Amino acid sequence: MSDSSVSLVNSSIFTLKGFPGLEQYYPWISLPFSSIYAMVFLGNCMVLHVIRTEPSLHQPMFYFLAFLALTDLSMGLSTVHTVLGTLWGISQEISLDGCIAQAYFVHGLSCTESGVLLTMAYDRFTAICNPLRYTSILTNHRVIGLLVGILMRSAFSILPVIIRLKWFQYCCPHMLSHSFCLHQDLLRLACSDIRFNSFYALALVIFTLLLDSLLILVSYVFILCTVLAVASQEERLKSLQTCVSHICAVLVFYIPIIGLTMVHRFGKHLSPLVHVLMGNIYILFPPLMNPIIYSVKTQQIRSRLKKWFSLKV
């Protein structure tokens with residue numbers, strides 16, 4: 001590739017589609033999206049604040065929850081400027097470098113969230129199946145090691161495909177399907193050989209998201225076997241209650257990913273609005289719902305919030 005070609009590719013500008021055909025309604029559509037982003041930021045900051053200020057929550061389960069809230073907060077921060085920028089009419093354009101950076105954070109944070117949900121499943125497995133050794137297994141040192149491992153996996157595993165996006169030629173109209181950047185969306189516009197990116201991305205999904213989900217499922221099979229072996233029905237319910245919020249968080253995360261993948265793979269005949277809707281659910285639904293789920297379903301956080309708001313009143 002010549003120097004002039006490289007310069008041309010590096011200066012490429014892409015257009016964010018937003019909601020095609022609904023441009024005249026953007027001021028109204030921006031209202032619920034602005035509210036959702038505000039709830040994402042406030043909800044996850046509230047969870048982080050409660051865990052930081054409440055000494056009784058300084059234990060492995062809530063360290064993982066704090067990391068989940070931080071991941072969700074980062075997901076909101078990585079997409080808010082393009083989503084709301086498009087809806088508010090500020091700008092529908094993004095540079096290639098900016099698009100690649102956003103795709104890196106969106107996919108990296110998804111991988112991080114999957115890893116955090118897996119460690120939370122391991123936490124519940126240890127607490128229920130091996131309660132007497134819980135504190136000796138999940139020490140602070142081991143928790144830090146698990147979280148650092150998750151970050152390293154997310155940060156480095158997607159670099160090979162993200163870096164290659166920089167050197168592709170984009171000879172199609174530079175119109176993205178969403179109001180934010182995704183790896184598969186850039187591949188769709190590329191005129192270069194994308195086979196490595198396609199195969200590597202598929203392998204990455206199999207060995208991260210799919211493997212994580214299978215390990216979570218296996219952990220809950222063991223948890224269920226252990227709980228069913230308990231004689232008292234009250235003890236069974238008590239043990240399962242500690243898992244409800246995590247199960248909800250797993251469903252909230254994986255169902256949108258499966259839906260978006262199916263739409264991208266098999267929904268080419270569907271309306272562009274379906275693609276846009278699934279994309280926005282993918283990036284916004286987990287960060288929005290996780291603080292609500294854990295605030296409602298986790299007794300320690302719920303009681304701390306009640307105490308906090310009663311003092312404010």
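For all residues, glycine too, the Cβ spot is worked out from N, Cα and C.
The feature domain 'G-protein coupled receptors family 1 profile' is assigned by TrEMBL to 43-294. Annotation source TrEMBL lists transmembrane segment at 25-50, 62-84, 104-122, 143-163, 199-231, 243-267, 273-296.
Per-stretch counts of Cβ pairs under 8 Å to the transmembrane segment (273-296) identify 25-50 as the leading one among 25-50, 62-84, 143-163, 199-231. Within the same chain, residues 16, 30, 33-34, 37, 40-41, 44-45, 47-48, 51-52, 90, 94, 102, 105-106, 109-110, 112-113, 116-117, 119-120, 123, 143, 147, 150, 179-181, 249, 280, 283-284, 286-287, 290-291, 294, 298, 300 sit at least 6 positions outside the transmembrane segment (62-84) and bring their C-beta atoms closer than 8 Å to a C-beta of that stretch. Within the chain carrying the transmembrane segment (199-231), a Cβ under 8 angstroms from the stretch's Cβ atoms is held by residues 110-111, 114-115, 117-118, 121-122, 124-125, 128-129, 153, 157-158, 160-161, 183-184, 239-240, 243, 247, 250, 254, 257, 261, all 6 or more beyond its ends.
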